[in-house]
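Data first, discussion second: the structure below is written as structure tokens.
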Amino acid sequence: MASYLKLKAQEETWLQRHSRLILAILAGLGSLLTAYLTYTKLTEQPAAFCTGDGGCDLVLSSRWAEFLGIPTAAVGLLGFLGVLALAVLPDGLPLVKRWRWPALFGLVSAMTAFEMYMLYLMVAVLRQFCMYCTTAIILVAGLGLVTVLGHRWLDGGKLAFSYILVAFLTLVTTIGVYANQVPPPSPLAVGLAAHLRQIGGTMYGAYWCPHCQDQKELFGAAFDQVPYVECSPNGPGTPQAQECTEAGITSYPTWIINGRTYTGVRSLEALAVASGYPLEEGR
């Protein structure tokens, strides 16, 4: 009886028997999805079913849509292709049988941490729903579950420690990369921001507006000194903030400088002229 129970315990579950196939299917779907998003980003075409006034279009056009100068979707594509390769490679190849599952676990752990950060940005920072991003997150979560449950791991404690370590390193690297993607402000941006604050020149915008993000990026970190009014604190389609309504704001971004209204993204030089800031002081 004892030997029979031991034999039953050693039998593979249905998930363990089919885990590589399931991983290949999930990774294949993820590869197709991220390849499509990479294509739309590189060709500057809108993704299907995305509108220009909210949702996935705003997420996919945000500054987090690029990572180290390439589309963030391309990073996901590399991850999914890596999982696909590890899932389908035959055991007969050198080192594959021994290192397949440790490599899968490390790669999927990194992908999971990266996607969780993307989820945080989507929910807490951009506050927009992106069906493509959500689908990618679900696929990566599926890869994580199958990787953990679809293989007989000998040391659960070591596995948990490894995940924490990989996730920590991935998050630190990701946050560091995005933090350094914002260039230091130019002397013109610093001086102009201080001047706008002094004269009360104000930008009216919305956190979900991609053109507002473009305007902010022209200032870089100096934008923190620019007077700014958030006109849509509750998201697209909700009532405008009273201060914006009273100011007659109808589009974003809008500047009101010295009593005059300027709509759309404006260069730093144009804002300097409008506000009376001497350009030579910012050189």
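Including glycine, each Cβ sits where the backbone N, Cα and C put it.
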Membrane_side_equal(His18, Trp101) from Swiss-Prot: yes
Beyond the flanks of the topological domain 'Cytoplasmic' (150-158) by at least 6 residues, Cβ under 8 Å: 12, 15-16, 18-20, 22-23, 101
In sequence order, the recorded positions (Cys56, Ser62, Met116) whose C-alpha falls within 10 A of Cys209 (disulfide bond): Ser62
Result, the transmembrane segment (159-179) in contact with the transmembrane segment (21-41) (3+ CB pairs under 8 Å): no
Per-state residue totals over the topological domain 'Periplasmic' (42-66) - DSSP helix, strand, coil: 10 helix, 1 strand, 14 coil
